Every structure is written in structure tokens, then in C-alpha cells.
Amino acid sequence: MAYVLVGFMGVGKTTIGNLLARKLGLKFIDIDEQIELEMNMKIKDIFEQYGETYFRTLEHNILKQHINMNIVLATGGGIIENPNNISLLKENKINIWVDTNINTVYNRIVNDVNRPNAMNKSFDAIKDLYFRRRSRYNEIAYISVNNDDELSDCVQEIHNFIIAEEGN
């Protein structure tokens with residue numbers, strides 16, 4: 001069973017996932033990084049050449065391949081755009097929704113050329129997407145954590161939760 005990090009782009013899933021995996025002594029896989037590795041292309045180039053639908057299929061295949069492994073797995077913010085992913089994630093025991101303030105998110109992603117769904121978007125457009133996705137993150141989350149403050153506190157909160165769950 002994977003410990004799956006879900007949440008909007010720019011909330012810190014990859015950074016948290018790396019730290020959490022080290023703390024738990026597990027392998028860490030970031031789905032976006034895995035796609036880039038397998039395709040030998042950047043996400044933005046996959047979007048440009050093949051489109052979002054193709055990217056979402058790749059994303060689903062990576063999720064399906066790794067969700068039953070004992071790892072920490074970071075998803076892309078749009079993982080919940082595919083209903084098949086929602087189904088897979090609902091079957092997984094521990095999905096961790098990482099959230100943070102929309103202003104913080106916007107400042108992190110607004111000029112990031114590696115985020116095709118954020119490039120050249122206004123604050124209102126990003127905010128609309130953020131709020132549209134929130135209910136789906138909540139639907140699949142077993143626990144939610146806020147990454148507004150210290151990163152180490154967020155990682156420790158998740159770690160404590162996992163240790164407590166393993167004891168039950």
C-alpha cells in the first residue's frame with residue numbers, strides 16, 4: 001500500500017514526499033517525474049505535443065503501476081481529473097491531501113514554465129481551478145494537512161499519523 005500525496009499544484013507534495021519517504025525508510029516516486037523519465041520529455045512538452053488527455057493516460061498508468069507498492073507516492077495536482085484515478089485512489093488506504101493557502105500556491109506557480117495548467121493564467125483562473133478540485137481531493141483523502149507553516153511540522157504531522165495508524 002502506498003502513502004499517496006494528493007493536492008493542488010505547488011502545495012509541496014514532492015518536497016514533503018521526499019522528506020516523508022526518508023523518515024519512513026521508503027522509496028519515493030513522484031508521478032510527474034516518473035512520466036518525464038519514461039517519456040524523456042518535460043511535462044510541458046508532453047502537453048504541447050500530445051495534449052492533456054494523453055498526459056492523463058500516462059499519469060493513470062503510473063498510478064496504477066505503483067499504488068500497491070510500499071512507497072511514498074506524490075501525484076500531480078490534476079490526478080483527480082481522471083475518474084479512473086479517483087476509483088484507484090478510493091481503494092488505497094492512506095491518501096494524504098496536502099493543502100496550502102491559494103495566495104501561496106499562486107505565488108509559487110505563476111511563473112513556473114513547467115506547469116502547463118498554470119502558465120499565463122490569472123489569479124482568478126488559478127483560484128477557480130483550485131476550488132473546483134478541492135472537493136475531489138477531500139473525497140479521496142484519509143487525512144488532510146496544511147502546509148502553510150513549517151514544512152518540517154507538516155512532514156512530522158503526517159509521520160505521526162502513519163505511525164499511529166500502523167499501531168492500530
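Quick reminder: no glycine exception, Cβ is built from N, Cα and C everywhere.
According to Swiss-Prot, the ATP binding site annotation covers G10, V11, G12, K13, T14, T15, R115. If you look up Swiss-Prot, you'll see T14 marked as Mg(2+) binding site. Annotated substrate binding site per Swiss-Prot: D32, R56, G77, R133, in sequence order.
Overlay of Swiss-Prot annotations on the structure.
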residue : record                 : Cβ contacts under 8 Å, 6 or more apart
G10     : ATP binding site       : G77, T100, T104, V105, Y106, R108, I109, D112, R115, A118
V11     : ATP binding site       : G77, V98, D99, T100, V105, N147
G12     : ATP binding site       : V98, T100, N147, L151, C154
K13     : ATP binding site       : L5, V6, G7, D30, A74, T75, V98
T14     : ATP binding site       : D30, D32, E33, A74
T15     : ATP binding site       : L151
R133    : substrate binding site : F8, G77, G78, I80
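Maximum intra-site Cα distance, ATP binding residues G10, V11, G12, K13, T14, T15, R115: 16 Å. Fewest other C-beta atoms within 10 angstroms, among the binding-site residues R56, R115, are seen around R56. In this entry, substrate is bound by D32, R56, G77, R133, whose most widely separated C-alpha atoms sit 18 angstrom apart. Its own atom aside, the Cβ of G77 (substrate binding site) has 23 Cβ atoms within 10 angstroms in the protein chains shown.
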